[in-house]
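Everything on this sheet refers to the single structure shown next.
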Amino acid sequence: MTVSVETRRSRVTVYAKSTAPSLTPVKPGKTHEFTALDHSMSRHSVHLVCYYRQEPTVTMTALKESLCDVLSYYPAMTGRLVKNEGDGCGEWMVKCNDAGVRMVDARADTTLDEFLASATDEEERQLAYWEDVGSDPYLWSPYCIQFTDFKDGSMAVGISCTHFHADPTCVAVFARAWSETHRRALVTCPPFFHPWAFYPRKNPVPSSPHLSEKSTIPPPLHPPAMSSVTFAFSASSVRQCLADLQLSNLSPFDALASLLWLRISSYKSASLGTAQLTLAVDCRRRMSAPLPLGFYGNALHFFGVKADLSSGWIHIASELNRHVSGIKEDDVWSSVEWLHERSKEKAFQMYGPELTCLAWDNVPVYNAEFSPGAIPVHVGCRIGNAQGEGLVVIMAGAPGEGEEARTVIVTLPTDLTAQIYRDEAILKYGPKIMFSPNI
Amino acid sequence: MANEPLPPFSSSVRLKYVKLGYQYLVNHILTFILIPIIVGISIELARVGPDEILSLLRFLNDLDLIYVMSTLFLVIIVGTVYFMSRPRPVYLVDYACFRPKPNFRVPFSTFLEHARLVPQFDERTVRFQVKILERSGLGEETCLPPANHYIPPTCSMAAARSEAELVIFSAIDELLNKTGMRPKNIDILIVNCSLFSPTPSLSAMIVNKYKLRSNILSFNLSGMGCSAGLISLDLARDLLQAHGNSNALVVSTEIITPNYYLGKERAMLLPNCLFRMGAAAVLLSNCRRERSRAKYRLTHVVRTHKGADDAAYRCVFQEQDSEGLTGINLSKDLMAIAGDALKSNITTMGPLVLPASEQLLFLFSLIARKVFKAKWKPYIPDFRLAFEHFCIHAGGRAVIDELQKNLQLSDQHVEASRMALHRFGNTSSSSLWYELNYIESKGRMKKGDRVWMIGFGSGFKCNSAVWKCLKTIKTPVDGPWSTSIHRYPVDVPAVVKVL
């Protein structure tokens with residue numbers, strides 16, 4: 001049976017591309033090296049989109065000026081990739097040659113509210129312009145910032161970058177630093193460039209059974225077409241979830257991640273058994289010498305969680321809770337050292353191809369206020385190149401919705417996505433569905 | 001000695017003192033003649049007693065009233081005719097330069113990345129631009145207008161107009177703020193911009209924005225190249241002679257947006273690499289009450305046009321290349337022609353500004369070479385005796401080097417030009433004002449100092465203006481150099497490896 005899909009024409013048009021330099025010239029000869037963690041993420045990209053209501057100081061011109069200002073603090077962002085000749089990690093390093101970041105101007109033929117209510121997954125993807133590295137990496141900007149003007153004067157700012165420059169936390173902290181520079185306020189989390197943060201310990205114990213297993217999985221021959229849907233859970237929906245789980249020590253992440261894991265798996269195969277979920281957790285604060293929030297680079301720890309899906313939702317949730325709270329610093333170091341050992345080899349896919357979940361709700365993302373008091377109306381985050389069984393990103397929800405509010409972005413093969421956003425068990429909690437696929 | 005070339009004076013200490021003595025003698029000849037006369041008269045008076053002086057006075061009293069009155073009236077008439085026929089003084093009340101915002105900055109790496117990403121340039125063209133940029137003498141803080149930051153550059157007329165509004169209005173706003181001049185008091189408006197000439201003109205744009213008077217005398221000079229700033233000054237000076245008690249606003253700029261060359265002809269790619277955004281607004285006046293706050297007085301303007309010579313006429317030529325793209329073709333003998341134009345200019349300028357000592361030496365050398373056919377090198381007058389400061393148009397590193405060699409200037413004399421080229425690039429006709437501001441910002445401008453501004457431009461023209469400083473300029477100076485003067489002078493290497 002063929003399903004004919006009528007695709008609506010996208011309302012987002014990109015009309016110009018330019019480059020933003022930093023305000024102060026970079027001292028010649030500066031370089032930025034990648035850590036083993038950075039190198040391991042080289043196949044992916046991060047896309048963060050923030051939506052703002054109309055404000056007199058939030059215009060494309062003013063934002064471009066403050067972008068140039070904040071770039072003075074981030075010489076690594078304005079640099080270009082060159083081959084790593086030394087014995088650093090990975091194939092590439094950044095030569096801080098002051099070339100600037102790419103900027104893209106776009107407009108959307110609709111108002112912000114209408115867009116948030118009716119935009120498709122494809123349209124949201126178009127708010128964060130991204131070009132893969134072409135034939136000459138030296139001419140390619142690893143960052144791309146898109147400004148989209150809506151009909152009512154609202155603006156969407158889309159920040160895209162390669163995952164091996166920055167993880168989602170780093171991009172969110174950059175957005176916050178940019179907004180503080182725009183308001184002429186003090187930058188609370190200035191960038192911390194410290195590629196030696198993840199150098200192996202004196203007595204390394206490189207071991208990561210989970211990652212070794214991942215590295216041996218061959219890339220899929222025909223990666224399925226993926227599409228996403230966003231569920232915005234309000235605080236009351238999350239509280240209802242937790243109430244249904246009846247366990248007192250569970251966090252909103254445990255509840256939502258386990259619910260989605262269960263529901264996605266039930267669509268993939270009729271019978272449920274033991275399954276594994278890959279979790280990615282930000283480990284800046286979990287190190288005994290905690291890294292500052294402004295640490296520039298990747299600090300995501302990937303590990304596997306096994307659970308018997310047939311035992312029910314409560315069991316899965318408690319398993320997740322046990323694993324996440326039980327992450328030992330030694331495990332983090334072991335997997336870093338394992339990655340460091342194979343840093344000269346080609347990186348493999350980290351988000352997928354098996355079902356992966358990014359636990360990102362402990363990082364504040366709604367604090368990029370370009371105008372005092374004007375927080376983003378919505379923030380979305382996507383990961384590029386996460387093909388396979390799927391990716392679930394759980395991030396903090398809009399502060400107006402309550403402290404426990406969460407935004408969950410589910411990326412699955414297209415036919416699964418069509419089913420998941422009509423799933424009764426999830427819809428029972430009344431999440432707002434946004435950016436569904438164009439069906 | 002007659003058959004040898006003049007020995008180099010500077011290398012010999014004793015001869016240096018001889019030269020100094022000669023200069024003092026010739027330049028102060030009147031003083032030297034007057035002193036013995038005064039001494040003689042005093043001795044005579046001392047010898048002759050007071051009675052003789054009193055008898056002289058009584059003689060004067062006996063003269064008829066008519067003789068006394070006629071003498072008095074004669075003196076008054078002569079004096080009046082003399083004062084009325086003197087040219088009106090032209091004062092520079094103040095000037096302001098456009099300060100580019102650093103987010104318009106074009107680092108070398110960005111410039112070249114864009115050159116590579118724009119499909120119209122091939123590899124050879126890009127490599128040529130790299131070579132030019134490396135040897136250009138520009139720094140990493142020069143600025144291009146917003147349209148040139150796009151890939152590809154959006155060279156529309158609207159973008160050109162908005163660049164014109166940005167640079168011109170910000171310079172004029174700053175000038176009006178500094179001087180407190182009300183726009184309604186401006187009597188003469190002269191704008192020069194060579195490569196962008198819309199209708200209505202840029203001067204009409206200024207009249208519209210600042211609501212200038214309906215009987216304003218406005219002029220718009222276009223197509224006159226990088227020396228047009230001095231041509232505008234000359235025009236303003238002539239108008240201020242014709243109209244008393246007037247204020248003239250002179251705006252010099254070059255609009256880069258419509259002139260980005262997207263072709264493959266190498267001689268036409270130089271302007272892409274060297275020209276940058278800039279503008280200057282200057283307020284001139286011949287009102288006596290402005291004398292107290294004016295910074296400079298314009299003493300001479302000398303214009304030389306070598307257009308009669310075909311090679312000079314074609315050396316900076318705007319034309320279409322084989323693909324139909326318009327660009328400015330710079331010929332290879334540009335430096336030679338510039339040197340030639342300069343020689344003509346200084347031949348006219350010399351007698352106006354040089355002290356008598358240098359003029360006599362030049363005259364002797366000329367007579368010896370032409371009349372007595374002596375094989376002496378032509379004597380190059382030492383212009384450092386005539387001027388304290390030099391502002392040489394920052395057309396490119398080669399132009400500044402050539403002039404330094406020709407005029408035998410030291411590195412400190414050309415420092416203003418080199419540093420303005422490094423910090424702002426070639427801003428065409430306004431570059432002289434950025435250089436003047438550099439000298440002021442460094443605290444080197446003292447009362448009585450004389451400044452020589454030399455501009456070169458297509459045509460081929462060499463124009464000079466001489467200013468005399470009326471009051472010492474105190475630092476810190478609020479101008480385009482405010483944020484960067486402490487970092488200058490920098491040592492600009494001959495070749496900068498592009499990062």
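A Cβ is built for glycine as well, from the same backbone N, Cα and C atoms used for every other residue.
TrEMBL has this to say about the protein:
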- B:C226: active site (ACT_SITE)
- B:H305: active site (ACT_SITE)
- B:H389: active site (ACT_SITE)
- B:H393: active site (ACT_SITE)
- B:H422: active site (ACT_SITE)
- B:N426: active site (ACT_SITE)
- B:82-371: domain 'FAE' (DOMAIN)
- B:388-468: domain 'Beta-ketoacyl-[acyl-carrier-protein] synthase III C-terminal' (DOMAIN)
- B:24-45: transmembrane segment (TRANSMEM)
- B:65-84: transmembrane segment (TRANSMEM)
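On the structure: features taken from TrEMBL.
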residue: B:C226; record: active site; CB count, 10 Å: 30
residue: B:H305; record: active site; CB count, 10 Å: 18
residue: B:H389; record: active site; CB count, 10 Å: 22
residue: B:H393; record: active site; CB count, 10 Å: 30
residue: B:H422; record: active site; CB count, 10 Å: 23
residue: B:N426; record: active site; CB count, 10 Å: 26
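Among residues of the same chain six or more beyond the transmembrane segment (B:24-45), those with a C-beta under 8 A of the stretch's C-beta atoms are 53, 355-357, 360. DSSP assigns B:H393 (active site) to coil, not to a helix or a strand. Mapped onto DSSP helix, strand and coil, the domain 'Beta-ketoacyl-[acyl-carrier-protein] synthase III C-terminal' (B:388-468) counts 39 helix, 21 strand, 21 coil. Proximity to B:N426 (active site), defined by a C-alpha to C-alpha distance within 10 angstroms, is shown by the following active-site residues from B:H305, B:H389, B:H393: B:H393. Secondary structure at B:H305 (active site), as computed by DSSP, is strand.
Cα proximity to B:C226 (active site) (within 10 Å) is found for none of the active-site residues B:H305, B:H389, B:H422. B:H305 (active site) sits 16 Å from B:H393 (active site), taking the CA atoms of both as reference points. Between B:H389 (active site) and B:H422 (active site), the C-alpha separation comes to 19 Å.
The two recorded residues, B:H393 (active site) and B:H422 (active site), show a Cα separation of 13 Å. In the three-state DSSP classification, B:C226 (active site) falls within a helix.
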